[in-house]
Amino acid sequence: MAKVERHRAGEPKHEEAKMASGNVKVKAGTRPPWVGLAAAVWVQMAAGNAYTFPLYSPALKSVLGYDQRQVAMLGVANDVGENFGVVAGVLCNSLPPWLVLLVGAALCFLGFGTLWLAVSGTVLGMPYWLLWIALAIGTNSNAWFVTAVLVTNMRNFPLRRGVVAGLLKGYVGLSAALFTQVFSGLLHRSPTALLLLLAAGIPVVCLSTMYYVRPCTPALGAGGEEEDAMQDGHFAFAQAASVLLGAYLVGTTVLGTVVTLSDAASYALFAVTVLLLLAPLAIPVKMTLFRKKKPSPPMEPPAAATAEEEPLLIPSDPPPPADEDSDEKVAVLLAEGEGAVVKRKSRRPRRGEDFEFTEVLVKADFWLLWFGYFIGVGTGVTVLNNLAQIGAAAGIADTTVLLSLFGLGNFLGRLGGGAISEKFVRSLQLVPRPIWMSLTQTVLAVAYLCLAYALSAGAVYACAAVIGVCYGAQFAVMIPTTSELFGLKNFGLFYNLMAVANPLGAVIFSEELAGRLYDGEAARQRHGGGGGGHPHACVGPECFRVAFVVLAACCAVGTAVSLVLAARIRPVYRALYAGGSFRLPNGNQQH
């Protein structure tokens, strides 16, 4: 087996994992990954600031006098900034996570601060192109936030990739409901106050948590079935806490639309939200207070190593026995989670091994996954960016509940997509994750047709939640699939290459398709005397009917693409998860 090393990253020696005589020994002290996961929850909630666009986009129309195409184009800037994370993906392997988070905080302050200056009237006559750039810069902070916490936690929990991806991305989706609660209750529906919160409040949150998001000794169930069950229980608790938070946020948002809440009641409701956000900290607290004392194995004398680098896995001289083969695979996977596997250069990498940038660009699997993901998120983000206008076309005056329903569905799709795909991929069925992408895109096609031909208030509410679920599932499927096919070494870069599909879909589907058709129908109604209110407003199912039919057809194509990918990589999942646990491909076994 090839030499495998890792950087210490400031971790004490008693927390390091070693292998002796072919057996993996993960030391006690696995709380730091769980502390980092709890801190990542707050960063992920802050990283959902792009979902606030429907809350302040009406102010861009009324205060700055933009039409729907201009607002839709600002929505493109919103998505371009959020998903352009190639730079963050490249730098995450050389910069510590806290520095990546610091860059994101600076971008957030600069971008949303500029928008606040324009909407508040502090600076008058700010050109449209400058606001477009400012919005892209502000939401680009999300790429840095998500890259820092997602890459770090995927490496800290390399055997629970689907669950971790679904949980963390789920909190991002849930952030829409959080910001809606804050906007409706604490900020009294003030777009100016919301932009000020985004500019100043989010950087404060990231600066407060960035110390805890750091590489740690992977928290793995190397101690047998009991430890595996304990880790599964911890993840189940975190998932339950997130579901409870989601239900609470939507409930309080609906309550705020039914009755008028006093300031004291709004602050009390938000205090409960903060407590629910702190719930994941109960895991490391429990591990501290109820630590199981186990006899520690005899420590070997430390080998000669520098202060910055020392061996993680020490291969034994004789070949490992046959019954220790699976432990050796897990050992290499531990190192792979740190991006430290050294591949042989005599051949190209196989699926499941670490790919380089130029190697992944020539793989058909990469582009099939990218295209299927592009269809799913591109059509979904079109609904998100135009949610306020879709609601208004159906006669819904207050669209905050719509945004909350979409946000809750988005959260459940991400959380459930990660957990369900993880369950089935480890079962005897070995169902490839892209199967779930194809199923959700089929449901998306049906939902779009429903909106096209039954645009009523009830249909919009129901479809907003369903589309949110299917939209969120695309993220939860794409992330672990990318890491399983192309490795964790350059996962940050590959994830952000996939994320480019989101803004590209916004340009094609939202701005060019939905925006153009909406403005055309609004102009027809205005000239025919059927419009009212805002000069660029459109009312009725005709506003988005053609756009929704086109989106449904695209999802049918996306379903076929995802099925082709699932069929191609079925043997890969059979090799990776045979026996119900992650197994390295044959190529890595020979390292």
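Just so it is clear, glycine is given a Cβ too, placed from its N, Cα and C backbone atoms.
Annotated features, as they stand in TrEMBL:
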- 1-21: region 'Disordered' (REGION)
- 7-18: compositional bias 'Basic and acidic residues' (COMPBIAS)
- 33-285: domain 'Nodulin-like' (DOMAIN)
- 98-117: transmembrane segment (TRANSMEM)
- 129-151: transmembrane segment (TRANSMEM)
- 163-187: transmembrane segment (TRANSMEM)
- 193-213: transmembrane segment (TRANSMEM)
- 234-258: transmembrane segment (TRANSMEM)
- 264-285: transmembrane segment (TRANSMEM)
- 293-328: region 'Disordered' (REGION)
- 360-572: domain 'NFD4 C-terminal' (DOMAIN)
- 366-384: transmembrane segment (TRANSMEM)
- 390-413: transmembrane segment (TRANSMEM)
- 434-454: transmembrane segment (TRANSMEM)
- 460-479: transmembrane segment (TRANSMEM)
- 546-567: transmembrane segment (TRANSMEM)
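Comparison of 129-151, 434-454, 546-567 by number of C-beta pairs under 8 angstroms to the transmembrane segment (193-213) places 129-151 first. Contact between the transmembrane segment (546-567) and the transmembrane segment (434-454) is supported: at least 3 Cβ pairs lie under 8 Å, counting only residues 6 or more apart in sequence.
Sequence-distant contacts of the transmembrane segment (460-479) (same chain, six or more residues past either end, CB-CB distance under 8 Å): 150, 154, 161-162, 165-166, 169-170, 173, 369, 373, 376-377, 380-381, 383-384, 387, 390-391, 394, 396, 401-402, 405-418, 421, 433-434, 436-437, 440-441, 443-444, 447-448, 450-451, 495, 498.
Outside the transmembrane segment (264-285) by six or more residues, the chain places 31-32, 34-35, 37-38, 41-42, 45, 178, 181-182, 185-186, 234, 237-238, 241, 244-245, 248-249, 252, 256 with a CB less than 8 A from a CB of the stretch. Counting only same-chain residues 6+ beyond the ends of the transmembrane segment (434-454), those with a CB under 8 A from a CB of the stretch are 369, 372-373, 375-376, 379-380, 390, 413, 417, 420-421, 424, 460, 463, 466-467, 469-471, 473-474, 477-478, 481, 541, 544-546, 548-549, 551-553, 555-556, 558-560, 562-563, 565-566, 569. Remote same-chain partners of the transmembrane segment (129-151), defined as residues 6 or more beyond its termini with a Cβ less than 8 Å from a stretch Cβ, comprise 36, 39-40, 43-44, 46-50, 64, 73-74, 77-85, 88-89, 92, 97, 100-101, 103-108, 110-112, 114-115, 118, 165, 168-169, 172, 198-199, 202, 206, 210, 213, 479, 491-492, 495-496, 499.
With a threshold of 8 Å between CB atoms, the same-chain residues lying at least 6 positions outside the transmembrane segment (163-187) that come near it are 37, 40-41, 44-49, 51-52, 55, 142, 146, 149-150, 153-154, 157, 193-194, 197, 235, 238-239, 242, 245-246, 249-250, 252-253, 256-257, 261, 266-267, 269-270, 273, 400, 403-404, 406-408, 410-419, 421-422, 468, 472, 475-476, 479-480.
Across the residues of the domain 'Nodulin-like' (33-285), the predicted structure has a mean pLDDT of 87.
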